Amino acid sequence: MSSLFQTYGRWDIDIKKAKGTYVEDQNGKTYLDFIQGIAVSNLGHCHEAVTEAVKKQLDSVWHVSNLFQNSLQEQAAQKLAAHSAGDLVFFCNSGAEANEGAIKLARKATGKTKIITFLQSFHGRTYAGMAATGQDKIKTGFGPMLGGFHYLPYNDPSAFKALGEEGDIAAVMLETVQGEGGVNPASAEFLSAVQSFCKEKQALLIIDEIQTGIGRTGTRFAYQHFGLS
């Protein structure tokens with residue numbers, strides 16, 4: 001019996017090693033890996049430059065917490081900021097944590113509470129992430145959910161009319177391509193309507209790029225295809 005908590009439905013494939021776009025199981029069978037660690041290893045498994053950089057860092061400093069300055073962390077943040085519409089970077093452990101931080105920031109910065117998200121969206125399995133997710137199956141068995149989230153049809157520029165004069169909107173949160181929801185790309189017309197709505201309501205626009213960021217759609221971030229800011 002496994003001692004691992006079964007949070008995922010794992011395949012019966014035990015990986016022994018990986019290189020480039022291939023993984024090999026304990027029996028020596030090789031697989032072409034189209035998943036790449038859910039796009040974490042999108043440079044390929046065991047890329048020489050990445051492996052060398054990790055080894056070098058392990059010989060220097062492992063972890064000293066956020067109580068100390070870290071020049072390499074600052075350099076990485078500057079590079080990320082230079083290729084995005086933002087000026088500041090929050091390093092975290094997962095997409096769900098990033099979304100939690102964005103939700104907290106939106107409410108704290110605006111003083112408002114409502115977050116508009118979309119049907120078939122996926123924003124994580126923490127409580128705020130599940131609450132933001134527009135799929136009931138993700139939430140089954142975990143209620144009651146965190147309040148303040150409202151769901152609209154995705155890719156429908158007219159959907160915002162349903163909100164009328166509703167106020168207290170802190171942010172609109174969306175994926176430029178819905179991943180878990182079925183690989184649904186947003187249209188330029190829809191995203192333009194989203195940005196106009198945010199400006200009208202003085203709400204923040206949160207773009208969840210967990211699956212589309214870092215060059216996976218041809219630009220550094222997918223929102224850059226549409227001139228969003």
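Note that Cβ sites are derived from N, Cα and C of the backbone, with glycine treated the same way.
What Swiss-Prot records for G95, A96, F122, D208, E209, I210, Q211 is pyridoxal 5'-phosphate binding site. The Cβ of Q211 (pyridoxal 5'-phosphate binding site) has 19 other Cβ atoms within 10 Å, all protein chains considered.
DSSP assigns R125 (N(2)-acetyl-L-ornithine binding site) to coil, not to a helix or a strand. For R125 (N(2)-acetyl-L-ornithine binding site), applying a Cβ distance below 8 Å and a minimum sequence separation of six or more within one chain yields A96, I138. The annotation N(2)-acetyl-L-ornithine binding site is assigned in Swiss-Prot to R125 on the grounds of similarity to another entry.
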Quiz item: Residues with Cβ closer than 8 Å to the Cβ of I210 (pyridoxal 5'-phosphate binding site), same chain and 6+ apart in sequence?
Solution: G95, A98, N99, E175, G179
